[in-house]
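Presented below is the structure to which this report refers.
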């Protein structure tokens, strides 16, 4: 009877493969090997002869005139050299035969005899040297050959860094072998609790394309492919209001924090301003020549920015409906736009794979970022740091304002990323076309959780895309808009246990020690 082979999940197999790879290649990468004392002495003897031969037999000054001539023995069994060739022991000659030139010391016409620096003789050396040379070389000549002899048999790794540096400087060489090397370390990410699904809200009859939470955190609004805008109670998830007026998919919604207005845009080229006291449209902003994909409100001035499939972004005066600027420069659909109060005040991402940072006053591009290789469909600004992230099928990239300096790549979410969100705790969320949600630690870029929620019963598996996601203002809930016509609400799992996913696996030394403990 053939014994049935146990089947494992892809997740388990991947981690087993990682374990084998880790054991084979990385296990002792940062550990120094055990040092053999005899081998080390031979190594140091060779190093002294090959690298320090020029200064190996320099005389060493010993303080006190009553000690007579000094002898230095060669550790390799060669002849002894006198440290006092016919002069008073307080003064020693360097720079002439038979002694090689001392490091940084040169005989001049003024001084035929110079005092060798000892532990207390650096000041005398400064008097003997020209002023400029004294300033440069006093520290460099502070170590004598006696120091090198004294430490010839000691381990390199146990020498203090300052002493290693003095040895290098004493011989005028930059030999990195004597410097203490720091083992490579993995940055330690912050541990974040996992997120879990706790509510599914149904009510739309088409793909839910956009979400916005009102400033009071009492309700949120969604726009859908069923051409309606719906307002939901955030605490209970119940429908409060439906707004109709668009004649095509509603692609963007935004709630003003400065006035009781709701703004929406859609594939019908329309941009509308709704008065929420009367629940009706009070302004239209005409100008875009094609579908309007996204909009954002400036946080401090009454300005609305929209972006469109016509390759432009437009800046509107909310009250007068005037088109203040038409931001042109992209060569394909502008898919996303963000505003902030600091410079640059407008950031756009486009299907032409570029990100542009705009000068709002001049209406011109400040910086164009061309690092992405595929369409940029999502941007998010960090709520506390002066940084932002962009999402593309090739990578999620982090950037630093104001010049768009690249920070790091977040790799692994291999799908079309439609949306990004980040909270003050440093949790970055990316939602993709295939229904996957990845949770990242903002600082280190570690992917600490992956979610693929089941689609609504009756929907196709292909209808599992994530089109938009946003944190509420308390940052305790994450709301997602999905292709199965539902809105899903996630929150942190307070019952999560910090325990390693594979207790037997040596990979936990890379995970658990970093605080990246999986949950059960």
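Cβ atoms are placed via backbone N, Cα and C, with glycine included.
According to TrEMBL, the features are:
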type	residues	note
REPEAT	201-242	repeat 'WD'
REPEAT	243-284	repeat 'WD'
REPEAT	285-326	repeat 'WD'
REPEAT	327-368	repeat 'WD'
REPEAT	410-450	repeat 'WD'
What are the DSSP helix, strand and coil residue counts for the repeat 'WD' (410-450)?
0 helix, 23 strand, 18 coil
Beyond the flanks of the repeat 'WD' (243-284) by 6 or more, those residues with Cβ under 8 Å of it:
206-207, 209-215, 221-225, 227-231, 290-297, 299, 302, 304, 306, 308, 316, 318, 321
Roughly where does the repeat 'WD' (410-450) sit in mean pLDDT, to the nearest integer?
95
What are the DSSP helix/strand/coil residue counts across the repeat 'WD' (327-368)?
0 helix, 23 strand, 19 coil
